[in-house]
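K.L.:
Here it is, the structure in full.
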Amino acid sequence: MSGSTITPWVVGNWKMNPMQADAKQLVQNLKKLLQDQEIAESACQIGIAPISIALQSIQAELQSANRHIATVAQDVSRIAGTGAYTGEVSAELLKDSQIEFVLVGHSERREFFGDAPNILNEKVQNALNAGLTVIYCVGESLEQRENGQAEQVVLQQICDIASVVNAQQWEKIVIAYEPIWAIGTGKTASPADAQAMHATIREGISQITPIGQTMALLYGGSVKPENAVELAACPDINGALVGGASLNAESFYKIAQAFANTK
Ligand code: PGA
């Protein structure tokens, strides 16, 4: 089944970058590009995930853009509500700050910050219960790919959250497939390999929910203007989660344009 009628999403994951002044400049450059060469909102949804302390200032900056650009949190607490949990930001607190989207399960969080499946389930559940849309990241390591386990690993990561997502809540889930070996390495999965995994993901989710047929499936891992057109042409790749290249307004804009043009 082709997902080519799905409105693509292009989301910039700024990770632990940049300094505030550079972030402001980056947003201003992006707004200018979008103003000069508009990308219709119906052609591509655009989002930016800044560091947590910049969520509100970036959101305020984005308010004056000539189109909607979503502000996306990079993470959310496993604890819901409010309370004595030093250092945490809950889904309700994000929602209270008009943040509507959150990344959950990025491989860097799984690898460096102990985000095991049970913790990710709590984060997904809290985010959905607070009404946020979750961009849930999945992906295999190089070793897993070389051992022929890539599909099994990715499908398991999706099955992991199935127990905490109810039938309606699947509408609020976007999947980002990010092979770990392609993140920040300059290596991209070939469009054929990426498409094959996306088709597998769509089939796997469709066995859980019919929403799988219309769910946006993003690809991430060294997406840049040079490979975006080919990736965007794949029927089941409905957008990109962009790390390094999102720190340059022109590169990020060109990636968004590539997805907007081909869908
Ligand atoms: P990259 O990162 O584009 O720098 O490879 C993607 C991501 O980790 O989301």
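Glycine is treated like the rest: Cβ placed from N, Cα and C.
Automated prediction, rather than curation, is the source of TrEMBL annotations.
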K.L.:
Which of G47, G184, G204, G212 does TrEMBL put in the same substrate site as N13, W14, K15, S222, G243, G244?
P.N.:
G184
K.L.:
Give me the sequence-ordered set of same-chain residues, not including N13, W14, K15, G184, S222, G243, G244, with a C-beta within 8 angstroms of the centroid of the substrate site's C-beta atoms.
P.N.:
I183, V242, A245, S246, L247
K.L.:
When DSSP states are folded down to helix, strand and coil, where does G244 (substrate binding site) land?
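P.N.:
Going by the DSSP assignment, G244 (substrate binding site) falls within a helical segment, counted as helix.
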K.L.:
Could you round the CA separation between S222 (substrate binding site) and H106 (active site, electrophile) to a whole angstrom and send it over?
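P.N.:
For S222 (substrate binding site) versus H106 (active site, electrophile), the Cα atoms are 14 Å apart.
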K.L.:
Taking only the residues in the coiled coil (20-75), give me the average pLDDT of this model.
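P.N.:
The answer is 96, the mean pLDDT of the model over that range.
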K.L.:
What number of additional C-beta atoms lies within 10 angstroms of the C-beta atom of G184 (substrate binding site)?
P.N.:
12
K.L.:
Per DSSP, N13 (substrate binding site) is which: helix, strand or coil?
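P.N.:
N13 (substrate binding site) sits in a strand per DSSP.
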